[in-house]
Amino acid sequence: MGRFISVSFGLLVVFLSLSGTGADCPSEWSSHEGHCYKVFKLLKTWEDAEKFCTEQKKGSHLVSLHSREEEKFVVNLISENLEYPATWIGLGNMWKDCRMEWSDRGNVKYKALAEESYCLIMITHEKVWKSMTCNFIAPVVCKF
């Protein structure tokens, strides 16, 4: 009886120590600092990638990166799962509402801009973010 209680207590300690780590994420998702991440090998446009992520799990979106440590974690996760050099991150359409100005300070009264919007990809091996047309296709990393 004493051995049963000892084993049961040991299992309880293991279970409680896993709480708040990978135990909170569904299988095949990775855990880091209270969030869950998954790399998908599908190639999608930014808009389709974001829609895809929102359909995976409640609260899921394209990955957002809030620290160097989180970026390192995501880069390692991508490196383990993909050989593709770039993946979408959740920054997109960021220049849609920006105010434009000529370098000589003249007002912008005439524009001949393409209606194309830009989103950001992460160049994995360089660990840099790059603007890219949102219609480019790249793999998907979701986070919730």
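Heads up, the Cβ atoms here are built off N, Cα and C, so glycines get one too.
What Swiss-Prot lists as disulfide bond is Cys25-Cys36, Cys53-Cys142, Cys119-Cys134. What Swiss-Prot lists as domain 'C-type lectin' is 32-143, and the listing cites sequence analysis. Annotation source Swiss-Prot lists signal peptide at 1-23, citing sequence analysis.
Positions of Swiss-Prot features highlighted on the structure.
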residue	record	DSSP (3 states)
Cys25	disulfide bond	coil
Cys36	disulfide bond	strand
Cys53	disulfide bond	helix
Cys119	disulfide bond	strand
Cys134	disulfide bond	coil
Cys142	disulfide bond	strand
Mean predicted confidence [pLDDT] for the domain 'C-type lectin' (32-143): 87
Of the disulfide-bonded residues Cys25, Cys36, Cys119, Cys134, which one sits closest to Cys142 (disulfide bond) when you measure Cα to Cα? Cys36
Across all protein chains shown, the disulfide-bonded residues Cys25, Cys53, Cys134 give the max Cβ-within-10 Å count at Cys53
What are the non-local neighbours of Cys36 (disulfide bond), defined as same-chain residues 6+ apart in sequence with CB under 8 A from its CB? Asp24, Cys25, Pro26, Trp29, Ser30, Lys57, Lys143, Phe144
Cα-to-Cα gap, Cys53 (disulfide bond) vs Cys119 (disulfide bond), nearest whole Å: 16
Would you count the other CB atoms within 10 A of the CB of Cys142 (disulfide bond), including those on all shown protein chains? 24
How many neighbouring Cβ atoms, not counting its own, are there within 10 Å of the Cβ of Cys119 (disulfide bond)? 24
